[in-house]
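Each remark here refers to the structure printed beneath this line.
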Amino acid sequence: MLLYIILGLLIHLVFFASIFDIYFTSPLVHGMTPQFTPLPPPAKRLVLFVADGLRADKLYELDENGNSRAPFIRNIIMHEGSWGISHTRVPTESRPGHVALIAGFYEDVSAVAKGWKENPVEFDSLINETRHTWCWGSPDILAMFAKGASGNHVFAHNYDAYSEDFGAQDVTKLDTWVFDNVKVRAIENSFHAARNNQSLFSKLNEDKIVFFLHLLGIETNGHAHRPSSREYLNNIKIVDEGLKEIVSTLKDFYGSDGKTAFIFTADHGMTDWGSHGAGHPLETCTPFVTWGAGIKYPQKVLAQKFDDTYLQEWKLENWKRQDVNQADVAPLMSALIGVPFPLNSVGTLPVDILNSTDLFKAESMFTNAVQILEQFKVKMTQKKEATLPFLFTPFNSLSDSKQINILRKARSYIKQKKYDEAVSLCKELINLALKGLSYYHTYDRFFLAFNVVLGFVGWTSYASLLIIKSHCNLTRGVSKEVKKPRSSLSCSFVAVGVLLALFLLIQACPWTYYIYCFLPLPVWYAVLREFPVIQGLVTLLLTFPPSHFVGYLLLFILGVEVLVLSFFYRYMLTAGLIAFAGWPFITPLWTRAKSTSLSWIFFCLLLAVFPLMPVVGRKPNIFLVVGAGLLVLLLSLFVVTSVIKRKDSFVNEELVLHLLQMLSTVLSVCVVYGTHNSLLKKQGLPLINQVVSWIILASSFIVPLLSPLILFDRLFSILVSSMSTYLLLSTGYEALFPLVLSCLMFVWIHMEQETLPQSVVSCKQKVSSIQFTYNTDITRFRDFYLDDIRRAFFLVFFLMTAFFGTGNIASVNSFDLASVYCFLTVFSPYMMGALMTWKILIPFALVMCAFEAVQLTTQLSSKSLFLMVINISDIMALHFFFLIKDYGSWLDIGASISHYVIVMSMTIFLVFLNGLAQMLTTKKLTLCGRPKSHLI
């Protein structure tokens with residue numbers, strides 16, 4: 001069993017990793033020649049302001065009194081510069097957003113492995129191409145550009161990482177620190193000193209220099225208080241005032257020489273509930289305001305065509321709005337100060353924003369086209385060299401001759417002063433080059449996907465055959481010649497493997513390709529070795545009435561489709577639970593166990609309410625968390641009363657354990673309430689609350705192991721300990737969810753025992769007397785029933801309910817950082833991610849522990865039931881594999897990839913959760929001095 005679990009885990013890890021080679025490979029190529037516009041640029045210096053987490057609507061809209069909360073920016077829009085919306089892409093996180101702005105390409109997901117902080121791959125950026133860059137802000141953002149820059153021309157000034165505290169009294173200090181350091185320490189002091197320091201003075205007066213100000217206060221206030229809060233909106237006012245002062249200081253130093261360009265934007269937006277990461281318009285629409293040298297002045301218009309209603313809402317319908325893609329900002333900044341375009345940039349220069357000669361616009365657009373074409377050529381050469389000549393299929397829309405013709409024609413238009421035609425032709429070339437880049441980037445996608453699907457189907461088939469082989473004797477009528485595997489089968493697979501290895505070797509494929517291509521071979525070999533079982537299964541199925549077979553098949557497909565649809569629509573879980581409530585009426589359960597059936601119906605309907613409620617975190621309510629804690633205490637009090645009534649040698653030990661768990665629950669409620677009030681008063685997270693929270697979390701793994709191994713006692717102990725931790729991680733109604741889910745699980749255990757057929761009833765035990773034992777998988781094998789498939793489906797459905805019952809976490813933006821404020825408030829992506837993951841896994845663990853009890857009461861091999869669960873999950877994963885898309889809106893693309901990753905993660909986690917559930921239910925810790933015999 002252990003060997004099989006390890007092999008299964010390795011196979012699923014390969015399936016999981018395949019998505020990164022198929023969809024998440026780095027788009028970067030190296031070896032291009034830097035390209036820059038061969039004309040004097042309009043600006044000598046550029047100032048980039050990035051307000052982290054600033055939504056476009058919150059900046060542009062008017063307040064309740066009809067006044068702008070950013071009057072300086074409003075004045076720029078109306079009198080000095082150009083404005084619009086910068087459209088970002090998923091994942092809407094800080095690092096990918098800044099990479100798109102400053103390097104001009106969209107970050108691949110491999111950066112998530114480093115918390116969006118470090119550089120997973122080397123890339124070129126605007127900062128690397130400048131003569132000198134001064135930057136101020138968060139250490140997380142500045143470090144990646146300072147480390148990625150060649151030479152020592154980047155001067156980074158950042159505050160301490162511990163300043164990024166969501167519970168701090170005033171997080172606007174993150175922005176005022178930047179403004180003060182730029183204005184007082186960096187500019188006023190340095191610039192005055194520069195009069196006497198010729199080296200510094202010359203640096204500040206050189207061309208091709210950048211000042212980069214990263215402003216994190218708005219993002220931090222959005223996470224802590226939501227974007228509609230007074231703190232978030234006031235922070236926008238502070239940023240607006242800071243911008244005004246910085247612009248004034250720079251103009252004073254440079255004597256208003258008209259050679260400074262300014263850009264104000266954001267890396268991503270934020271949902272109404274204070275999170276980001278997905279593709280919702282509130283996350284992808286960020287402000288874009290630019291003014292100064294080389295930028296067009298405001299243009300008044302009578303009408304504008306946009307799909308949204310923002311212009312009317314913001315009272316800006318008469319000022320021309322010029323939207324850009326986030327990656328377009330990098331080539332714009334490069335053109336403004338005359339530095340080479342970042343080598344990996346895929347942005348298109350927004351020439352309509354430039355206030356320069358038509359010649360400069362055409363030359364800059366030509367440079368932009370050549371720079372992107374260079375990437376296309378390198379990508380094509382790499383793929384051509386790694387593919388057999390007769391198998392290579394070039395991108396016909398941009399052949400070598402067509403490249404030369406377009407470039408020659410564009411250059412001819414520029415010489416003839418047909419600048420508009422040249423710009424239009426360059427844009428066409430850019431679009432073709434970008435399509436070609438995408439074509440070669442996804443060149444091997446079908447080949448890899450085919451092998452992964454082949455492995456998926458083979459694994460699912462083999463697991464199904466193992467279950468059937470263990471519990472059904474289907475080879476009884478099969479001849480011995482058929483039973484004995486032929487040696488030709490082994491030789492055939494070895495020959496295929498050799499040919500495949502030669503094919504991959506000649507094409508110089510990465511080592512991961514060998515894994516994806518070779519994995520299906522042993523899996524399908526194992527399947528074909530079980531040919532007698534397959535033959536027996538086909539014979540058995542032919543004896544079934546066709547109507548019955550089709551009916552069961554359709555029912556199974558319907559069940560899987562409901563599970564798949566629950567990823568998109570949470571109310572499908574409600575529909576499923578309502579259907580589950582009717583289960584006793586179509587079976588003898590209603591007459592056999594009426595009271596248990598009524599309990600099942602009640603808790604199914606009660607749990608069905610949760611998927612209909614708002615996603616957790618969007619409407620926090622601390623009183624519901626306190627109420628959930630009181631319900632746990634009431635339930636514990638009831639159990640303690642029953643323990644006291646029992647005359648048992650373990651009463652003292654068990655009573656102390658229950659009282660300890662009740663104390664833990666009380667402390668959790670107090671910590672949650674106290675922390676909430678402290679953060680409301682902006683007094684931060686009290687140290688005592690933080691210490692108690694971590695102690696409760698650590699003890700939740702140990703305390704259940706001290707309880708008796710009797711089924712009900714152990715499960716209840718696991719519930720109470722888990723609830724103590726879950727309360728600390730809750731912000732609203734979700735605190736009630738594990739309690740209701742666990743009640744349904746207790747009833748499910750009783751219901752499953754009642755469903756056992758008469759042949760097994762004789763050896764049934766009362767649930768109250770059953771004890772968890774570790775070797776249940778070795779003994780008590782019985783025949784396989786259709787009910788066992790239903791049990792496996794129930795488990796997968798309950799796991800989906802545990803996963804999505806309180807929120808659709810298929811979107812990254814569903815995570816609410818407020819959940820971890822009892823443990824820490826200083827930004828730490830790994831620690832916060834780990835805590836939120838554990839919050840998700842607690843309902844998972846409760847369901848898996850109940851499933852351990854179901855296996856025990858139904859007397860079926862845990863291996864077989866577990867394999868059925870894995871099979872259903874794999875069928876879902878295969879479903880989502882085919883639903884993955886790389887076209888359409890970024891919301892659809894991100895969601896499709898997330899769904900596959902989540903269902904594959906769930907399959908892998910099931911292995912670990914199964915082990916965790918076995919440990920929590922079957923292991924027993926003894927207190928010092930207790931005799932070993934007292935365990936039983």
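A Cβ is built for glycine as well, from the same backbone N, Cα and C atoms used for every other residue.
It should be emphasised that the depicted structure is a prediction, and the values quoted were computed from it without experimental measurement.
The feature transmembrane segment, as given by TrEMBL for the ranges 327-346, 687-706, sits at 687-706. Within its own chain, the transmembrane segment (446-468) has Cβ neighbours under 8 Å at 8, 11, 14-15, 18, 21-22, 474, 513, 516-517, 519-520, 523-524, 526-527, 530, 533-534, 537, 784, 864, 867-868, 870-871, 874-875, 877-878, 881, counting only residues six or more beyond its boundaries.
Sequence-distant contacts of the transmembrane segment (865-885) (same chain, at least 6 residues past either end, Cβ-Cβ under 8 Å): 8, 15, 19, 23, 449, 452-453, 456-457, 459-460, 463-464, 466-467, 560, 563-564, 567, 788-789, 791-793, 795-796, 851, 854-855, 892-893, 896-897, 899-900, 903-904, 906-907, 910, 914. Residues belonging to the domain 'GPI ethanolamine phosphate transferase 1 C-terminal' (435-889) score a mean pLDDT of 83 in the model.
Long-range Cβ contacts of the transmembrane segment (726-749) within its own chain (Cβ-Cβ under 8 Å, at least 6 residues beyond either end) map to 596, 599-600, 603-604, 606-607, 610, 613, 616-617, 619-622, 624-625, 627-629, 631-632, 635, 665, 668-669, 671-672, 693, 696-697, 711-712, 715, 719, 767, 794, 798, 801-802, 805-807, 816, 818-820, 822-823, 835-836, 838-839, 842-843, 846-847, 849-850, 853-854, 857. Taking Cβ pairs closer than 8 Å, the transmembrane segment (687-706) reaches residues 657, 660-661, 664, 667-668, 671, 674-675, 678, 714, 717-718, 721-722, 724-725, 728, 822-824, 838, 920, 923-925, 927 in its own chain, all 6 or more past its ends.
The transmembrane segment (598-616) makes no contact with the transmembrane segment (623-644): fewer than 3 of their CB pairs lie within 8 A, with pairs spaced 6 or more apart in sequence. Away from its own ends, the transmembrane segment (567-586) comes close to residues 597, 600-601, 604-605, 607-609, 611-612, 751, 794, 797, 800-801, 804-805, 808, 810, 880, 899, 902-903 of its chain (Cβ-Cβ under 8 Å, at least six residues beyond either end).
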